[in-house]
Amino acid sequence: MSDQVATNPPIGAVHLEAPHGLVASSPDLKRTVSEGSVAMDGTDYREILPKPSNDPNDPLNWSWAQKHVVLLLVALMAFQGPFDAASPASGFLEQAPVYHTSVPSMLDSVGAHAVMAGAGGLLWVPLSYRYGRSPIYTAGAVVATLGALGCALANDLPAFCGARVVNGLGCSASMSIGALTVKDLFFIHERGQKIGIWTISIGLSPYIATLLDGFVTTHAGWRWMQWLTFIIWSVLLVLCVVALPETLYDRHHGLLDVPPKKTYVQRLKWKHFKGRQLTFRNFWHPCTMFFYPSVIFPGFYYGNLYGFCVFGALGMLPFAFAEIYGFDAIGQGLVAIPLAVGTILGEPLAGPFSDWMVRFLAQRNDGLRHPEQRLQAYWLGAILVPLGLTMFGLTLQYEVHWIAPCIAIAIYSFAIQIVSTVTFTYAVDCYEHVAGEVALVLNFCRMEFAFYVSFYLPHYTKKVGYGWAFGIYAILSVMLFLPMILLMFKGGQIRKRLGTPQSDFVHHAVPVQVEESVPGTGKEVE
């Protein structure tokens with residue numbers, strides 16, 4: 001491989017700015033730095049990407065504590081999205097008579113929330129590039145707080161569903177741009193673990209909501225669960241204002257002088273990003289990411305599994321566990337414990353393990369790492385999901401002791417957490433410069449597929465039975481994994497053939513011409 005800069009680089013080759021003017025053609029760099037394939041043979045320069053600037057205010061240069069305060073707050077807001085989606089579930093038996101409707105009709109409110117929580121990213125992601133992350137988190141918290149208030153005050157189903165739509169729109173902000181914030185703050189070799197913290201908050205939240213819902217509904221009434229979501233969002237709104245600094249940073253301004261370091265309080269001030277004008281194109285252009293296999297294949301796989309496993313289990317609480325086992329609201333809430341335990345146990349085999357997998361496979365690949373290496377961490381989750389779904393359906397079908405379906409949902413909640421973290425980290429690694437658009441697509445898939453599962457599940461299980469319903473879900477989960485196997489072996493070539501997606505908001509390192517090796521082939525492109 002030549003050490004010189006290529007005159008005609010392949011599409012997608014990029015150079016990430018190094019501190020103190022170090023560039024890709026430096027003799028210190030024996031290999032090339034390119035999108036999706038970066039050298040990592042033990043030196044700091046080769047392992048730490050993207051390279052931070054010499055600006056102490058660059059979020060990549062912030063202290064460990066500052067970074068993790070932001071990550072914790074972003075994770076808490078992302079936690080609240082699925083929490084709100086699942087919060088009424090255990091109370092539907094008490095809420096339906098008040099609204100003079102049926103429990104299946106009450107599930108429409110879950111679907112209404114899921115639809116807007118998925119589609120809302122089309123609004124928030126472009127705005128986050130124009131105005132920064134912090135104002136969008138704050139605006140989302142305001143909208144979610146108002147929606148939660150409406151849910152608490154609603155006196156009929158249409159009003160409740162309308163308030164749920166508003167709440168879902170607000171929740172979608174943190175669920176759509178959370179991965180962007182992780183990208184702003186952390187290096188590539190850290191992202192599996194850090195995105196895992198964000199995804200585990202999303203994974204745990206509907207289970208904790210269901211657990212709390214049972215106790216709150218029994219002892220204080222279903223309406224108090226909605227007041228609880230309003231109180232939580234009010235607290236998060238205050239924290240957004242007083243504790244969430246801006247993480248969006250322009251990396252192409254070419255600083256010559258090192259600016260003074262800002263205090264944490266100074267970083268809380270909203271910034272004005274010059275030269276970024278919003279147009280109608282900015283709101284539809286992210287949809288072009290639906291045509292990139294390295295995004296839509298994982299999104300389609302993860303989104304369907306999220307619907308089958310998470311909303312499938314929660315949707316069964318007011319039906320199967322009430323009818324078969326006679327569980328009241330508290331009993332239904334306690335079923336969320338194995339779901340939460342499985343999620344917590346799954347994360348160490350998702351984020352940290354996938355980071356280790358990339359390092360391990362890179363060492364065996366002549367020091368080159370590429371995003372597809374992370375996909376090898378999928379296998380355990382891909383095997384356990386269909387096993388857990390099949391076991392869940394059959395134990396309900398044959399009315400086995402309630403501990404059996406609880407074990408089944410613990411198994412597949414363990415598996416879905418692995419799938420969740422690997423999916424987000426892989427897709428962001430593939431297209432870091434459009435991470436917002438990538439996260440938008442993945443969140444859209446997650447929530448829209450959750451919607452269709454929750455919408456059809458009661459009628460579907462009644463018609464074909466629990467065994468067939470979840471057995472078909474298990475078969476679909478295997479079929480949906482086949483494109484992921486294709487990406488494991490051909491993902492790098494597919495990405496190279498499609499080229500680099502264009503971003504309407506360029507704030508990352510300026511591309512320069514360098515050589516690139518095709519991920520997974522070990523061959524150089526002249």
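Including glycine, each Cβ sits where the backbone N, Cα and C put it.
According to TrEMBL, the protein carries these features:
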- 70-495: domain 'Major facilitator superfamily (MFS) profile' (DOMAIN)
- 110-129: transmembrane segment (TRANSMEM)
- 136-155: transmembrane segment (TRANSMEM)
- 167-188: transmembrane segment (TRANSMEM)
- 195-212: transmembrane segment (TRANSMEM)
- 224-244: transmembrane segment (TRANSMEM)
- 299-321: transmembrane segment (TRANSMEM)
- 333-356: transmembrane segment (TRANSMEM)
- 377-396: transmembrane segment (TRANSMEM)
- 402-428: transmembrane segment (TRANSMEM)
- 440-460: transmembrane segment (TRANSMEM)
- 466-489: transmembrane segment (TRANSMEM)
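Tertiary neighbourhood of the transmembrane segment (333-356): same-chain residues 90, 189-197, 199-200, 203-204, 206-215, 310, 313, 317, 321, 327, 374, 377, 380-381, 406-407, 409-418, 420-422, 425, selected by CB-CB distance under 8 Å and a gap of 6+ residues from either end. Long-range neighbours of the transmembrane segment (466-489) within the same chain, counting only residues 6 or more positions beyond its ends whose Cβ lies under 8 Å from a Cβ of the stretch, are 293-294, 297-298, 300-301, 304-305, 308, 312, 316, 320, 372, 375-376, 378, 382, 385-387, 389-390, 392-394, 396-398, 457, 460, 520.
Scored on C-beta pairs under 8 angstroms, the neighbour of the transmembrane segment (224-244) with the top count among 136-155, 195-212, 402-428 is 136-155.
The average pLDDT the prediction assigns to the domain 'Major facilitator superfamily (MFS) profile' (70-495) is 87.
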